[in-house]
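So that you can see what the record holds, here are the features copied from Swiss-Prot:
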- 94, 95, 126, 211, 212, 213, 214, 268: pyridoxal 5'-phosphate binding site (BINDING)
- 129, 267: N(2)-acetyl-L-ornithine binding site (BINDING)
- 240: N6-(pyridoxal phosphate)lysine (MOD_RES)
C-alpha cells in the first residue's frame, strides 16, 4: 500500500452509495450510520446535489479569491441569513475553519491589548489536527507527539461553570466550545453552561467561539446547535456536512469579531465555485419547509428506541445526544471498538468515539425503517458479546 498508516481502517473498499446505503467492490451493502463522520447529511448520491456538482463542474471549478464568484457569494448570503447575520470566510475543512477562528480571536485581543491573547477551551474537546486547533483540543493523547504546542491556551472542565469562571481573566481573548462534544463521545453542553459562557465572555470582553463542525448543518434538528440552546456566539465554525461530501469549511463572525483585513488570512481553494455550489444546494435542502422538523422527529424516535435498548442490555451504560447525533456508551467490560467491528461484520457502519462510546450519525434523510434496522442490528451484536 502507498498510503501513510494514519487510520485504523475497517477491511472494506467502497465504490458507490445511494441514500443511507454504501456498497463495497464485492457488491455488499452496508447501512451507513457514519455519514462519512457527519458529512453526507443528504445521504449518498442525492440527485439534486449530484446535478448541482455536475452543472458547476461544466462551468467553473476553481478561480482565485482575487476575484469574485457567484456560488461563493450566494453561499455566504445563505449562511449569514440563516444564522446571526454575520460575515463569512471560507476554508476547506473544519480544522482550517478553527485555525481561522484562532487568528480572529488573537487579532481581536491584540486590538484591545498586547496582553489579551489567552484562549480557553474545554477538556475532552476536539477542534482539529493542525497545530493551532490541536492545541485548542483538550486531549493530551493527541497533543503529546507534537509538543511544544502553540502557547497561550488553557483548559477548563466542560459543563463546569465554576471552573470556567476561575479561568477567565482580562487577558482572555476567546473561549472555544463545542455545543455538543463529538469525538469525546457525544456530550451535550447544558443550557446553563453555555449561557454562563456567554455572560463571562461579555464581562471580560472575549469572543465566544462555537465549533459546530460536527454538530452543525441540521444534525440536531436545527441548522446549527446554538439555535437549540438560544445562546448566540460571536464566531461560528462549520464544515463536514456543509458540502454534503465536497470539502468545505466556513467561519461566520458577527460585527464585533469582524477584524480580519486583506493580508491577515487567506486560502487557495477555500470558497471555490464547485464546493460552494454544493454548499448552496445542501443549505437549500436543509431549510426546506419541514425538513429540520423531521430530523428532530427522527432523532426523538431513534433516542426512544435506544433508551429502550439500554433498559434491555446491561452492557449499555448511557445513551445521550441530540437529534441525529447520538452516542451509545458501554460499560468497561465491553470495548467500543469491538462493538463497532461486530456492527461492521453485520453490515452496519458506526463510528467509535471517546469514553468507550460509539456514534450514530446517520444521513439526515434516513428512513424510519433504516433506524429500526440499525437498532435491531446493534441489539444482535450486543447479544453476541
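In case you wondered, yes, glycine gets a Cβ from its N, Cα and C as well.
Annotated features taken from Swiss-Prot, shown on the structure.
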residue : record                               : Cβ contacts under 8 Å, 6 or more apart
95      : pyridoxal 5'-phosphate binding site  : 127, 128, 129, 130, 133, 249
126     : pyridoxal 5'-phosphate binding site  : 137, 139, 142, 178, 181, 182, 183, 184
211     : pyridoxal 5'-phosphate binding site  : 94, 98, 101, 125, 127, 176, 177, 178, 237
212     : pyridoxal 5'-phosphate binding site  : 178, 179, 224, 225, 226, 236, 237, 238
213     : pyridoxal 5'-phosphate binding site  : 94, 97, 98, 127, 128, 182, 237, 238, 239, 240, 249
214     : pyridoxal 5'-phosphate binding site  : 37, 38, 94, 178, 180, 182, 183, 240, 325
267     : N(2)-acetyl-L-ornithine binding site : 65, 90, 91, 92, 96
268     : pyridoxal 5'-phosphate binding site  : 64, 65
Residue with minimal Cβ packing [other Cβ atoms within 10 Å] among the recorded positions 94, 129, 240: 129
